[in-house]
Amino acid sequence: MFEIKARDAMGRLGVITINGKKIETPTIMPVIHPNPKKQTVSMDLINKMADVVITNSYITYTTPELREIAETKGIHELIDFKNVVVTDSGSFQLSVYGDVNVGPMEIIDFQEKIGVDVGTILDIPTGPDVSREKAESDLLETFKRAEDSIKRRKEMGYKLALNGTIQGSKYLDLRQKSADVMGKMDFDIYPIGAVVPLMEDYRYREVAEVILNSKMHLPTNKPVHLFGCGHPMLFALSVALGCDLFDSAAYALYAKNGRYLTADGTLHLEDMKDLKNFPCTCKVCSEYTPKQLFNLEEKEKTRLLAEHNLYVTFEEIDRIKNAIKEGNLWELVEERCRSHPKLLNGLRVISKYMDFIEKHDPVSKKSGFFYTGYESMNRPEIYRHKQRLERIQYDKIYVTTVSENTSKPYHENLDNVPCDVDVLIKDSVFGLVPLNIDTMYPLAQNEVPDLYDFEKKYNNEFVSNFMEKNSEKILDISTYNYYINHYGTKKECDKINPDVFRVGKMLEYQYGAKILDDELMEKVKTRRSKNTGRIRNLLLEKEVLFTLRANDNFLIPAKSGAELLHEKLEFPKYRIVIDSSVEEYARAGKSVYSKFVKDCDPELRPFEEVLIVNSDDELLAYGTTILNGLELMEFDYGVAATLRGGLKK
């Protein structure tokens, strides 16, 4: 069972529950050698740091003394780990040696027998440089083994959860096919396999595309494991692309070669030995100088270096979790991807997939938008803004520029005559910013440095296309000046309540429909904050319809506002339909759980304001969705939406 608690980009801070044990994602699974004598880092430390580990059932199976202990006492006792134990099936050995001495069903039976929490099918790992024919042949065999493994578990009544590995080599259409076929089987976790050769060769562009083409076709309610990814420099990008789990033997393997992991690369202990201190404050680096550690006996040096590597690995995971909660994961990704040019290739290629990524990215975040480089132009926040500009119902448009020194929000620093013209400001980052919505996230909640000329030109084509599409509504400067002078001389501006007009446009941008018709425009009023002087509420006959949330200026409906949205928005827009059995709980304002969702607006994005209705489209409650439209239909565990209020019968 998997539940999302917080999110940013496609990263998910969630909880996986397996056999009553909980794993917080994203997380790393340290690789544990099934032979305790060969384990580099003590299991006491592993037990303190990890919720889940991964070990090798094939080595256990083929080593008589290990097999005997595992079969009599269980895998947890063998490796001395109390929480979730995942096992590989021998697929790695198959990829290295070309053959293994165990059958696909035999290894499933063994993993169940030794009490594994999550087992893995014996899939066929297919490296990136094989022919397409070979990749297709291997994939068909993996499908057969997967189907047989699922059938075996069901027929035998096995309790273990199963990994269904996605294969397909470098062929993206085969990755899609693999995800489609495997995704229809009842697997619990979906590892993306055979990417280690790509990572070893710094082919991060291909890694990113393999992840995305797999994610696009996998069920959203299952965790995704990036098999073999153990270097912390890759975690942020991989999490942003939707990976929940990683496994690492790197902490030990690198230590044996004297390599010192950091969050943005790898150093060599020998090259560091003349430094006064380590660039790290973990327990190992605090107790030893580089020279002291370098001069230790080899076995002890390896153990301590492995401990540092493990510390820095978990530290990066914790940093990513915090970035998800704070809403600045993209900034961390952009920072990490500048640690190596090939990693930057991985970041740049994802712009091709922004239509998919945007569907999973929250509409609002705790942190503002920080522009850290040219790649920021392709962030989902900007992509979404450009799309949602088309939601606004324009009558007359005037496009202009402002001085680079003009502070945001623009409308507070410009002498703008109130009228019914939509004034759009050319913006180097966001393309076009309508003055009437310029306080909404992320248009005012951003920090951008001085830009190079080529960056300033990035949106020229977008602006030209917008103006061409709306050419009949565009006013040139002479027409615009005449128009506003006409309003000024005839005092027509008295007929326009600029605050109400503004809120009407904000509602169009947020909800995609004209919520305030002409009749309502004359009846509603706004109320400004006494402290900030900014619009705070929209009221109808002294009753609050909407409140403008201070941090992002989104319009949050009160009960009457929810009723107005329900009236103005056609079904199923901004709706979540719930089962009749939980109507009373929704009316009482209690959270909506995923398993009770029957239908929804498929275009919903995470953290949008939603209407909770029954199958007859009767309004029951209103609140905020945690999941997007696809997830709402696929998740069957955890909270789907938190409610602000319910409507009593």
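Keep in mind that glycine also has a Cβ here, set from the backbone N, Cα and C atoms.
Since the structure is predicted, the reported quantities are computational estimates derived from the model, not experimental observations.
Listed in Swiss-Prot:
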- Asp88: active site, nucleophile (ACT_SITE)
- Asp123, Ala194: substrate binding site (BINDING)
- Cys280, Cys282, Cys285: Zn(2+) binding site (BINDING)
- 573-648: domain 'PUA' (DOMAIN)
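Location within the structure of each feature annotated in Swiss-Prot.
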residue	record	DSSP class
Asp88	active site, nucleophile	strand
Asp123	substrate binding site	coil
Ala194	substrate binding site	coil
Cys280	Zn(2+) binding site	coil
Cys285	Zn(2+) binding site	helix
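According to DSSP, the domain 'PUA' (573-648) comprises 17 helix, 30 strand, 29 coil. Using Cα positions, the member of the recorded positions Asp88, Cys280, Cys282, Cys285 nearest to Ala194 (substrate binding site) is identified as Asp88. Taking every protein chain shown into account, Asp88, Asp123 are the recorded positions, and of these the Cβ with the most other Cβ atoms within 10 Å belongs to Asp123. Closest to the residue listed as 'active site, nucleophile' by Cα-Cα distance, out of the binding-site residues Asp123, Cys280, Cys285, is Asp123. Within 8 A of the CB centroid of the Zn(2+) site residues Cys280, Cys282, Cys285, the other residues of that chain are Phe278, Pro279, Thr281, Lys283, Val284, Ser286, His308, Tyr311, Val312. For the pair formed by Asp123 (substrate binding site) and Cys282 (Zn(2+) binding site), distance between Cα atoms is given as 38 Å, rounded to the nearest Å. In the shown protein chains, 29 other C-beta atoms lie within 10 A of the C-beta of Ala194 (substrate binding site). It is Cys285 that, of the binding-site residues Cys280, Cys282, Cys285, has its Cβ surrounded by the most other Cβ atoms within 10 Å.
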